[in-house]
Amino acid sequence: MVTLPLLLSILPLAAVFSSAASLQVRENHDCASIQPPQVPGAEILSVIGVQRRVEVAPFPPSPSKPNTTIDICSVNVTLSHMGVNDKVVVSVWLPLPDKWNGRFQATGGGGWAAGTFDLLMGPAALEGYSTAGTDAGVTVDPGSADKWALKEDGTVNYDLLENFASRSIHDMAIVGKAVTESYYKKPANYSYFYGCSNGGRQGMVEAQKYPDDFDGILAGAPAIYWPQFLTSTEWPQVVMQSEKVFPSQCVFEAFRKAGIAACDKLDGVEDGVVSNLDGCEFNPFALVGKKVKCGEESTTITLAQAWVAKKIYDGPKSTAKHALWDVLPVGASYVGLANSTIENGVPKIAPFVIGSSWIRSFLKKDVNFDLSTITYADMPKLFQQSIDEFDKIAGGSNPDLSALKKSGTKLLSWHGLADELIHPQGSIKYRQAVEHRMGGGSEVDNYYRLFLAPGVTHCGIGVNDGAAPIDTLKVLVRWVEKGEAPETMPATATDASGTTTLFTRNLCRYPLVPRYKGGDKNSADSFECAKDFGSHH
């Protein structure tokens, strides 16, 4: 039974990888004498720098790749915003001077954690980047905001929400670049942001509000339209609770596989991946009466289970059948949002922790609120309340990228088409809104490009049906530093061990799609980026 969704499995619940070791200080690069940075609107409380030897785990996580040990200067800058009474920690890791590549990389968070720290900072430092992460002054708990969302009087803590939503990412850029310059005695040649999920949202917010912070921003699977996205994660739970039907993950997996089988060929090649989502129509009721093997036993799909699967696939709707948010993409897993559990023989909902924290703390303003009481009729009201109260501060979906265009900064985004948590339609919707606002696709391509990855899960972590992008940051660096605007992004599908490549693909620049030309379907060379998939029946 999966109790914590995939999103949390990629996040360290505590930064515990590191062990300190004393090292000789080289040349004039004194880790203990970092100059306090100047942060507008904030007071620096402390700057503590120590030489450390840290163990870096590979990212994405891989059981076959060993950890690596590197020496760094580790600097913690603690600051407080004027009149807020918060305490924000920005952690900066600096490779020793002979290992520095001359670049700075800020790293993003995931879930309710503003920073993932070691998880992303370690690999960045290993590549030679000076790198930073921030806790935004909130608890480093990716699963919940319950401990900080509300003030003692029961009202929303808008100061900390603003930290989490945008302010602390900007602060991290200022602090990280200043500490980098203080240590190496010269500024970074180029600065980058790297994040996925909430980290992707952070990157999009930087592009919208503070584009001068970075030369390049990589935003994977961005959790933009944050109020709508988080509210929508409760929909599968409302469906199961309302219908009093709680299909097992094995039954849900049968529906997922049937959806892939129904739509796989629409892109011209049968490869276990749905690339043509727009042309895909899947009828869950076709499975009624079919037997599926679940462990040692077989079970028969019921009409009630198919009805639940259909309602979840169709996405949140009002009682008048008005769409409130996006549908679950065919091929995406139900695991994560449609979990249930059994207590004393009785099936119960098991809500997605990140979304349930949103509803409890920010919408209901009651950390003890019982989510099982939410009905179909409640959903439109929750969506509207979410937008009304929080879109301005946390939406991350402003299509006006005038400042980004003017800054010269490049924004590179990608999204898995089988993202089970943050559905890819949000990224497509946002890109279309930007095109409408900023003068069309070819104009926007000068500074913002989107790549879609068929069959790829949330942030590409774990086993994917499709090919997940690799070397995404290198693609961005080439665009920023050499002017090589990407038409494609390399991607690979691997086995569960992560060591064997099953097939390769080139992800296409939106709105182009991968059209099969013929030949070995496991080779990226057998596909071309085209305006459509061609005619297939």
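Glycine is treated like the rest: Cβ placed from N, Cα and C.
Within the set CYS250, CYS280, the cysteine that Swiss-Prot bonds to CYS263 via a disulfide is CYS280. Take the candidates CYS459, CYS508, CYS529; Swiss-Prot pairs CYS196 in a disulfide bond with CYS459. Within the set CYS294, CYS508, the cysteine that Swiss-Prot bonds to CYS529 via a disulfide is CYS508.
Counting in whole angstrom, ASN76 (N-linked glycosylation site) lies 25 from SER197 (active site, acyl-ester intermediate) by their C-alpha atoms. Sequence-ordered, the extra residues of this chain that approach the Ca(2+) site, with Cβ no more than 8 Å from the Cβ center of ASP264, ASP267, VAL269, ASP271, VAL273, are LYS265, GLY268, GLU270, GLY272, VAL274, SER275, PRO454, TYR516, LYS521. The separation of CYS459 (disulfide bond) from CYS280 (disulfide bond), Cα to Cα, is 23 Å. Long-range Cβ proximity for ASN189 (N-linked glycosylation site), meaning a same-chain Cβ under 8 A and a gap of 6 or more residues, is found for GLY102, ARG103. For ASN76 (N-linked glycosylation site), the Cβ neighbour count at a 10 Å cut-off comes to 15, with all displayed protein chains included. Comparing the disulfide-bonded residues CYS508, CYS529 on other C-beta atoms within 10 angstroms of each C-beta gives the minimum for CYS529. Closest to VAL269 (Ca(2+) binding site) by Cα-Cα distance, out of the recorded positions ASN67, HIS458, CYS508, CYS529, is CYS529.
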